[in-house]
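Let me begin by presenting the structure, written as structure tokens, before commenting on it.
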Amino acid sequence: MGRHILKHVFAVGGIYCSFLTWGLLQEPLNTRVWPNSGCTFQVPYIVALVQATIAMICGLIYIKWQKPVLSLSKFWTSHTRDMAIISLSQAISAPLAAYSLSYVDFLTYMLAKSCKLLPVLMVHLIVYRTPIPRSKKLVVLLVTVGITIFTLDGHKPSMTENDVSESSSSSSLIGFVLLGSSLFLDGLTNAKQDKLFQKATYKITGAHLMFALNFFLIVWNVIYMVLVDRQQLAKGLKMLHADPEISRYLLAYACCGAIGQCFIFYTLEQYGSLVLVMVTVTRKMFSMILSIIVYGHQVTLWQWVGIVIVFTGVVCESMGKKNKAKEGNIINEEKVKQS
């Protein structure tokens with residue numbers, strides 16, 4: 001009994017420690033104006049490349065430690081095409097989310113990325129034409145209302161700021177289009193992962209996904225920077241040379257993300273999706289609160305109301321999963337994505 005509790009604390013504590021630190025590193029890495037470079041580190045494909053490289057190495061170590069029944073070579077030959085397609089949506093989603101930070105504040109970004117149900121339902125409704133239950137529609141309504149309240153109250157125009165307000169509204173719209181596109185691709189990734197698990201003839205573990213998806217993320221990011229945007233690599237290297245502190249943030253951020261993925265898959269395999277969902281929801285709440293405290297974000301009363309409404313919707317969705325678990329119909333909706 002004591003050993004079981006220690007394993008549980010180890011799994012949950014690992015997720016909290018790695019992803020709370022990951023969240024605290026993500027904000028300055030993406031939004032800080034670095035002193036010597038004089039600009040933000042807006043090179044998302046380099047960030048994704050470094051993170052994927054470290055995560056792939058961790059995934060390989062995880063496979064060696066886990067020794068799954070399905071060998072890596074057999075998994076590779078059977079699911080190469082699936083991994084390439086799933087990773088492509090991930091490779092596009094992450095930079096879109098990073099670019100959205102040029103137009104929306106970090107708390108809005110975190111709040112939107114906390115709502116995994118929205119993109120999943122969008123994909124099932126638009127792509128797979130799946131009927132949406134009334135309970136999920138209610139959750140979507142709560143989340144949408146909460147984000148709207150949070151965003152609108154954070155952009156109240158004063159009587160003498162009409163021109164600035166119009167410019168801000170236009171920028172916010174661009175930010176939400178980018179963020180919404182990223183969320184839709186996240187939903188597409190999760191839906192394709194669900195299909196992969198359903199059709200698999202052998203048990204696919206988190207370690208398999210972690211290694212293969214990150215391998216293809218490296219491939220896609222390298223292809224993009226070589227064929228489409230060579231300036232991004234040059235800009236990134238120039239900034240890393242001018243501000244060496246960025247490299248420390250970047251490596252720490254990537255390591256926390258990779259370690260966090262290991263803990264997510266470990267928790268999923270040991271305790272199931274229900275425990276993982278509850279840990280993920282509370283972790284995201286604490287990440288927002290920690291960001292507000294550490295970085296001194298000003299949050300109005302109505303914005304707090306918006307945050308509470310959003311997480312009420314997310315908790316309702318988690319409770320719905322709990323009821324399904326009791327009926328023996330757990331649907332695995334938490335795979336590779338971190339908040």
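Placed from the backbone N, Cα and C atoms, the Cβ positions cover glycine too.
According to Swiss-Prot, the transmembrane segment annotation covers 5-25 (among others), on the basis of sequence analysis.
Residues or ranges marked as transmembrane segment in Swiss-Prot (evidence: sequence analysis): 43-63 (among others).
Long-range neighbours of the transmembrane segment (91-111) within the same chain, counting only residues 6 or more positions beyond its ends whose Cβ lies under 8 Å from a Cβ of the stretch, are 23, 27, 30-31, 40, 42, 44-45, 47-48, 146-147, 150-151, 154, 171-172, 174-176, 178-179, 181-182, 185-186, 189, 216-217, 220-221, 224, 284, 287-288, 291-292, 295, 297, 299, 303, 306-307, 310, 339. According to Swiss-Prot, the feature transmembrane segment maps to 91-111 (among others), an assignment based on sequence analysis.
Residues annotated as transmembrane segment in Swiss-Prot, with sequence analysis given as evidence: 138-158 (among others).
Per Swiss-Prot, transmembrane segment is recorded for 171-191 (among others), and the stated evidence type is sequence analysis.
Positions annotated as transmembrane segment by Swiss-Prot: 208-228 (among others).
According to Swiss-Prot, the feature transmembrane segment maps to 246-268 (among others). Using a Cβ-Cβ cut-off under 8 Å and counting only residues 6 or more beyond its ends in the same chain, the transmembrane segment (246-268) has close neighbours at 11-12, 14-15, 18-19, 21-22, 25-26, 28-29, 34, 41, 47, 50-51, 53-55, 57-59, 62, 205-207, 209-210, 239-240, 275-276, 279, 332, 334-336, 338.
Annotation comment: Swiss-Prot describes 273-295 (among others) as transmembrane segment.
Taken from Swiss-Prot, the feature transmembrane segment covers 301-321 (among others).
Within the same chain, residues 29-30, 72, 91, 94-95, 98-99, 205-212, 214-215, 217-218, 221-222, 224-225, 229, 232-233, 235-236, 239, 250-251, 253-255, 257-259, 261-262, 265 sit at least 6 positions outside the transmembrane segment (43-63) and bring their C-beta atoms closer than 8 Å to a C-beta of that stretch.
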